[in-house]
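Before any comments, here is the structure.
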Amino acid sequence: MAASLRLRGAVSGLRYWSRRQQPAVASLAAVCSRSMASKTPVGFIGVGNMGNPMAKNLMKHGYPLIIYDVFPDACKEFLDAGEQVVSSPADVAEKADRIITMLPTSINAIEAYSGANGILKKVKKGSLLIDSSTIDPMVSKELAKEVEKMGAVFMDAPVSGGVGAARSGNLTFMVGGVEEEFAAAQELLGCMGSNVVHCGAVGTGQAAKICNNLLLAISMIGTAEAMNLGIRLGLDPELLAKILNMSSGRCWSSDTYNPVPGVMDGVPSANNYQGGFGTTLMAKDLGLAQDSATSTKSPILLGSQAHQIYRIMCAKGYSKKDFSSVFQFLREEETF
């Protein structure tokens, strides 16, 4: 099974590289105000751009952390703050029975769970394992089967909202897993997000996230195209953004995460497109959407075009920039 997981993850990585219930939503205040909430240690694996502020919000709510990241420097500030830093995912599993993983790709998630020093090497029976990575839904389902064999519980809980929402604790979590375990996951996730939504069985959280990021990529490209056209027609970009945001073209990419430098403070476009959600990761997520569309025979015409645009951007030096740098890419392309 581990071999099949790695094969599936490798395929996803190379492309950049049941019961259904009415969704239940929990507010941050309702979840995190519980006086009886257990403050036993929580494992956190992956403290990059998103994982770092997520873990810090757990700390703010009184949870001691057991931290691991493949890059030791990423753990330094947690070590300085008195949190435990260990040398492998297996060590996290040995010390904590509730673990959150936040990793870039399917391959990374498979390695963290099923690798030689993975979580499953030392996981305790009854442990709750929550994966907030955005990965192939089929990988989530297969990881869940492996976790279940060890007597533990796996839930997929990818996030939306970006680094800003991660810092403020206002993420949206899309959770897939058995409904009976949702309350336990909700206790932790509600301390990092303002919306915690149960989507159904394992894999449905990933499905919701893939659909969300498909739309996000399309709307970001559309916003960048509209802003670029307006600027070339002589419009002031701040004025154009204001008009869009009081008109029918308004979207998250225009009113919260505008891709044009100088229009909005506190977003990657105001910082040379540093930080935020990388172009490589958006290309990866669009690859997952493409895979899902193929397997379900669903036409995603604009989604496929968006995938190609972000793949081209990765090849042209934008891989480490935020995905909103598509505006800069369009500006630099004389012909497209």
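Here, residue 1 is simply the first one shown, and the rest follow in order.
Cβ atoms are placed via backbone N, Cα and C, with glycine included.
Predicted automatically and left uncurated, TrEMBL annotations should be read as such.
Quantities reported herein were computed from a predicted structural model and do not represent experimental measurements.
Feature annotation from TrEMBL assigns NAD(+) binding site to 40-68, 103-104, N108, T134, K284. The domain '6-phosphogluconate dehydrogenase NADP-binding' feature in TrEMBL is assigned to 42-200. Sequence annotations record features per position, and here TrEMBL assigns domain '3-hydroxyisobutyrate dehydrogenase-like NAD-binding' to 203-329. Annotation comment: TrEMBL describes K209 as active site.
TrEMBL feature annotations superimposed on the structure.
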residue: T40; record: NAD(+) binding site; CB count, 10 Å: 9
residue: I45; record: NAD(+) binding site; CB count, 10 Å: 31
residue: M50; record: NAD(+) binding site; CB count, 10 Å: 27
residue: A55; record: NAD(+) binding site; CB count, 10 Å: 27
residue: K60; record: NAD(+) binding site; CB count, 10 Å: 12
residue: L65; record: NAD(+) binding site; CB count, 10 Å: 22
residue: P104; record: NAD(+) binding site; CB count, 10 Å: 20
residue: K209; record: active site; CB count, 10 Å: 28
Just the number: how many Å between the Cα atoms of I45 (NAD(+) binding site) and K209 (active site)? 20
Taking the Cα atoms as reference points, how far is M50 (NAD(+) binding site) from K209 (active site) in Å? 15
Between K209 (active site) and P104 (NAD(+) binding site): CA-CA distance (Å): 14
Rounded to a whole angstrom, what is the C-alpha distance between A55 (NAD(+) binding site) and K209 (active site)? 20
Pairwise Cα distance for K60 (NAD(+) binding site)/K209 (active site) [Å, integer]: 26
Could you state the CA-to-CA distance between L65 (NAD(+) binding site) and the residue listed as 'active site' to the nearest Å? 26
Helix, strand, coil residue numbers for the domain '3-hydroxyisobutyrate dehydrogenase-like NAD-binding' (203-329) per DSSP? 88 helix, 2 strand, 37 coil
